[in-house]
Ligand SMILES: CCC[C@H]1O[C@@H](n2cnc3c(N)ncnc32)[C@H](O)[C@@H]1O
């Protein structure tokens, strides 16, 4: 099938569906799409992700959502109920394990078996495909808030069929955001097509009256990604999802650390995503935003980790993000215990509650940062439309090949890999090397000027050593990687 940014026909969709459902035995359990939709229709409104996100946006509140996932079904249910009841999570995940993300369901079977033997999770997440629609429905029926699959799966087609048949009304990911940061040699054409399938499935549920939320993965490599780079990817994935019939879209952004720039990134993301959707004829989408607490290196000291978590929560609230993704005091170690995960949520909710109703007021500085982010984002997206001759999917594939969008520190061989970021003297993330990103001269000059201010302050050359120092800075307890 040729790649293009057009809604799939029924023949195209159902042709692929038959083949997908045969890739693991649990695919049989979701063969009847009508029955799947009937079950999803039975999910009450308070457990519908799209509805809860829209309500939060209208009320101006920021919801808290953790990450969580373990191998065994009963343990996973116990974990989610604990995070809901003791932590106060407004929304729940099921973080899917790495084998599932690579479609290695046979390894999941082994992992589940071994986990049963030793009585603890030997998988780094919940193997949703192996537990099948029955298992995933048990998870949904055991909790009282909406449920989302969070993962990093280039080919999530079978997982998506199963989770939505189980009444999970949100799915994270996208053809770019779950490829470039997660895979080494999967083509962007392949993953855009596979995620068009996932989005078309959501469109079919929507057309049958079941609202389902889609969340492109905002942070990407989570390593000082400039806001306009991650905003551009989020908006491109939102546009491609809308073409397949998705109506509820949560665009995301990973905290960078300078308060004004982070607030500007969320404000720019919300308004520019609305604008691009409207200008491309998608007038009935509901766009919300998600702010990911700091995704880079964390301090091992738990008290300091709580400082990072609180800081991220405050930024999310002041930005007016619709939801915030919670980190835990075990971030520097790895997968958190349920207690540590719970503490991360409580710290987050305490900060959100204290700031409820407060948002950072507009200022000259904030206005400038919003304008810079929007202008940089526009340069990238409009170039994709141009080289795709109006087709965004074709433009995205060509654009990555040309370095029009270039994600720092990405493992994918399809990423251009010439752009390099670094923080300015206030910690805002700027472009140190532009690679082939098609910025205007004034935008390039702005970035250069901001980095030269830092060089002058630190008494050193502007260069890659700043980037290296910035990567380790937060783990060492500061934002800007000052020379030692
Ligand atoms: C892109 C997401 C990275 C974050 O995702 C967390 N994460 C991954 N897997 C699990 C899990 N099974 N339970 C709780 N958190 C998890 C990591 O700690 C990191 O912060």
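Glycine residues also receive a Cβ, built from the backbone N, Cα and C atoms like all the rest.
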Candidate sharing the adenosylcob(III)alamin site with 124, 181, 298, 327, 331, 335 (per TrEMBL), from 69, 390, 395, 399: 69
Site-mate of 67, 150, 151, 172, 178, 182 for L-glutamate in TrEMBL, selected among 101, 116, 120: 101
Of the binding-site residues listed as 150, 172, 182, the one whose CA lies nearest the CA of residue 335 (adenosylcob(III)alamin binding site): 150
Remaining residues near the recorded L-glutamate site, that is with C-beta within 8 Å of the centroid of the site residues 67, 101, 150, 151, 172, 178, 182: 95, 96, 149, 152, 153, 173, 217
In three-state DSSP terms, the structure that residue 150 (L-glutamate binding site) belongs to: strand
Nearest of the binding-site residues (67, 101, 172, 182) to residue 331 (adenosylcob(III)alamin binding site), judged by Cα-Cα distance: 67
Of 172, 331 (the binding-site residues), the residue whose Cβ has the fewest other Cβ atoms within 10 Å: 331
Binding-site residues near ligand 1 among 101, 150, 151, 181, 182, 298 (Cβ under 6 Å): none
Nonlocal residues around residue 182 (L-glutamate binding site), in sequence order (Cβ under 8 Å, 6 or more apart): 101, 152, 153, 154, 411
Integer Å distance between the CA atoms belonging to residue 69 (adenosylcob(III)alamin binding site) and residue 178 (L-glutamate binding site): 18
